[in-house]
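Chemist: My structure is below; once you've seen it, I'll send some questions.
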Amino acid sequence: MSGKPVIHEFIVVEGRDDTTAINRSVIADTIETNGSALSQETIEKIRHAQELRGVIIFTDPDFPGEKIRKQIDSAVPGCKHAFINRQDALPKAGRGLGVEHASSANIREALENFHTSGAPTEKQFISKDILVHLGLLGGVGAKERREKIGNILKIGYTNGKQLQTRLESFAISEEQLVAACQKIMQEEENE
């Protein structure tokens, strides 16, 4: 017995090195996109996997990874999303950013804290005014706060334009957002 958790869903990753990292961390089947140019064949494979057992999209926390995530989510509704923090996806040496650099513990944590996109039963709406008031849009430190919010809420990093949509997509309530911001403010005061 390996002691590794078993993931029922198929995990969609970008490449072979990501599959290796997943296999060292959990027992799961993966589907590799092999780059950001998603073929129709890959989309069909993901669609079939979603129908069979469900899919968790687990791409790198960078622009190409986010592009792949959006393409899949658009073509195959109802997918689950796992996010790895940017700092956990940095290599020990050299350049790059990716799932393949994350520790087994970080990979397991990301897969345990997935979100499901789609139409939530009760649509959450958080106005831009609230996002500005919480220091997440415009102003000094907004980018850093958005990155921290993404880590706390396990929704990944988003830029200012994407934040409201991401919060709605994963049905994050205003109360959850405010609580996460209070945690960040507490950390900033303690620094």
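Just so you know, the numbers here start at 1 and follow the chain as drawn.
Glycine is no exception: its Cβ is also placed from the backbone N, Cα and C atoms.
For reference, Swiss-Prot lists these features for the protein:
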- 8-91: domain 'Toprim' (DOMAIN)
- Glu14, Asp60: Mg(2+) 1 binding site (BINDING)
- Asp60, Asp62: Mg(2+) 2 binding site (BINDING)
Chemist: Here are the binding-site residues: Glu14, Asp60, Asp62. Which has the lowest count of other Cβ atoms within 10 Å?
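Modeler: Comparing Cβ neighbours within 10 Å for the binding-site residues Glu14, Asp60, Asp62, Asp62 has the fewest.
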Chemist: On the 0 to 100 scale, where does the mean pLDDT of the domain 'Toprim' (8-91) fall?
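Modeler: Per the prediction, mean pLDDT sits at 93 for the domain 'Toprim' (8-91).
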Chemist: Reported as an integer number of Å, what is the Cα distance between Asp62 (Mg(2+) 2 binding site) and Glu14 (Mg(2+) 1 binding site)?
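Modeler: That comes out at 12 Å between the alpha carbons.
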Chemist: Can you break down the domain 'Toprim' (8-91) into helix, strand and coil residue counts using DSSP?
Modeler: 40 helix, 13 strand, 31 coil
